[in-house]
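Inspection log for the structure reproduced underneath, given as structure tokens.
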Amino acid sequence: MSSKVQAVLLLVGVITFLAVHAQEELSENTESERSCARLYERCSMTRRPCCNNVPYVCSLLGTYCECKKGLIQTVGDFIGI
């Protein structure tokens with residue numbers, strides 16, 4: 001087998017390996033992003049916490065919780081702090 005054919009086969013093998021590895025990492029990232037609730041989404045204290053340590057507000061009975069920024073965070077974002 002010529003050296004050019006070997007080089008092409010090696011290159012195809014490396015590209016295939018890198019593509020599979022990159023796809024596995026991407027699926028891990030999306031799975032971890034799904035495991036937390038974004039701002040103004042429904043959350044749960046134990047099963048689905050808020051992303052980025054955003055605080056949550058629950059109903060009086062604790063049956064409905066939602067990720068919301070507090071007043072200080074909202075003012076800080078408005079001012080740009």
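Here the Cβ of each residue, glycine as well, is placed from N, Cα and C on the backbone.
These numbers come from a predicted model, not from an experiment.
In the disulfide annotation of Swiss-Prot, CYS67 is paired with CYS50 out of the candidates CYS50, CYS51.
Between CYS58 and the candidates CYS43, CYS65, Swiss-Prot annotates a single disulfide bond, the one to CYS65. One residue stands out among the disulfide-bonded residues CYS50, CYS58 for having the most other Cβ atoms within 10 Å of its Cβ: CYS50. For the pair CYS67 (disulfide bond) and CYS36 (disulfide bond), the C-alpha distance works out to 10 angstrom. Cα separation, CYS58 (disulfide bond) to CYS36 (disulfide bond), rounded: 16 Å.
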